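Trainee: Sharing a structure here in structure tokens format.
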Amino acid sequence: AAGRGAWVRTWAPLAMAAKVDLSTSTDWKEAKSFLKGLSDKQREEHYFCKDFIKLKKIPMWKETAKGLAGKVENPKYKKDKQLNEKISLFRGDITKLEVDAIVNAANNSLLGGGGVDGCIHRAAGSLLTDECRTLQNCETGKAKITCGYRLPAKHVIHTVGPIAVGQPTASQAAELRSCYLSSLDLLLEHRLRSVAFPCISTGVFGYPNEEAAEVVLATLREWLEQHKDKVDRLIICVFLEKDEGIYQERLPHYFPVA
């Protein structure tokens, strides 16, 4: 009888964990631990949406760019078929992507705001804000990682972009580059293989869209050249048609189609 009692006590926490409801839970640590123990299929039951998008449904750049071969006469970089399989341009809702991590264009407080920041916090639920509160802010150009909670993405990487008024300075360009590199550092540190980036700093933070795209593409290209075997996909996720057009025009210069 004593042995049976010990068995019940041992397994009681697991029985409790199985009952965690992410929409009502008030303990982010408990919820985070619970989610880590689930399979990918089990996690689906806790997503905030049913129309989530799997990574395999997001086309690689080599597929998106069919028909563009040779249209760029003097690309900035050499053709690399392998790299063209590691990058994607996707227009849609970043909160619905089932990837290892999505990046949040946050403010210094990390407690939510407007634009994509607010969308991510609303979709993930209040537990995300609770965990962010423990991180005690984030400096511009740096990044911090949390659980994704009710998001299809397992993690959220929060980064704070520079605020630019008019033409960005060299310092602001360096800070924007640092946002991407800091986020990618966390990707490697946590052994994650897929990540989606929104357009960082281009909304209310005022960074010009075209100039931002140049910084982003150069940063991702150079990083992938060094780390291509450590990741499966880097996704540039845009929401506005304007940004989609900018990246469609600029991507072939940085990722020429083989």
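Cβ from N, Cα, C; glycine included.
Not my notes, these are from Swiss-Prot:
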- 92-94, 105-107, 112-117, 200-206, Phe239: substrate binding site (BINDING)
- Lys71: SUMO2 cross-link (CROSSLNK)
- 74-255: domain 'Macro' (DOMAIN)
- Lys29: N6-succinyllysine (MOD_RES)
- Lys36: N6-succinyllysine (MOD_RES)
- Lys62: N6-succinyllysine (MOD_RES)
- Lys96: N6-acetyllysine (MOD_RES)
Trainee: Can you tell me which of the modified residues Lys29, Lys36, Lys62, Lys96 is spatially closest to Gly206 (substrate binding site)? Compare CA atoms only.
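Mentor: Considering only the listed modified residues, the nearest one is Lys96.
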Trainee: For Gly112 (substrate binding site), which residues in the same chain are close in space, meaning a Cβ under 8 Å from its Cβ, but six or more apart along the sequence?
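Mentor: Within the chain, Gly112 (substrate binding site) has Cβ neighbours under 8 Å at Gly118, His121, Thr129, Cys132.
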Trainee: With Lys62 (N6-succinyllysine) as the reference Cα, tell me which of the binding-site residues Ala105, Gly115, Ile200 is the closest one.
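Mentor: Comparing Cα positions, the candidate nearest Lys62 (N6-succinyllysine) turns out to be Ile200.
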Trainee: Calculate the distance in Å between the alpha carbons (Cα) of Ile200 (substrate binding site) and Lys29 (N6-succinyllysine), and round it to a whole number.
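Mentor: With the alpha carbons as reference points, the distance is 28 Å.
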Trainee: If you count Cβ atoms within 10 Å of each one, which of the modified residues Lys29, Lys36, Lys96 comes out on top?
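Mentor: Its Cβ has the most other Cβ atoms within 10 Å: Lys96.
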Trainee: Least buried of the recorded positions Lys62, Lys71, going by other Cβ atoms within 10 Å?
Mentor: Lys71
Trainee: Compute the C-alpha separation of Lys96 (N6-acetyllysine) from Gly115 (substrate binding site), stating it in Å without decimals.
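Mentor: Answer for this pair: 15 Å between alpha carbons.
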Trainee: May I ask for the distance between Lys36 (N6-succinyllysine) and Gly115 (substrate binding site), taken between their Cα atoms and rounded to an integer number of Å?
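Mentor: The Cα atom of Lys36 (N6-succinyllysine) is 28 Å away from the Cα atom of Gly115 (substrate binding site).
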Trainee: Give me the Cα-Cα distance between Gly92 (substrate binding site) and Lys71 (SUMO2 cross-link), rounded to a whole Å.
Mentor: 26
Trainee: Which residue among the binding-site residues Gly92, Gly203 has the fewest other Cβ atoms within 10 Å of its Cβ, if you could check?
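Mentor: Counting other Cβ atoms within 10 Å of each of the binding-site residues Gly92, Gly203, the minimum falls on Gly92.
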Trainee: Let me check the 10 A CB neighbour count of Ile200 (substrate binding site). How many other CB atoms are there?
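Mentor: Its Cβ has 25 other Cβ atoms within 10 Å.
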Trainee: Check each residue in the chain of Gly115 (substrate binding site) that is at least six apart in sequence and keep those whose C-beta is under 8 Å from its C-beta; list them in sequence order.
Mentor: Ala105, Gly203, Val204
Trainee: Where Lys71 (SUMO2 cross-link) and Lys29 (N6-succinyllysine) are concerned, what is their Cα separation in Å, rounded?
Mentor: 51
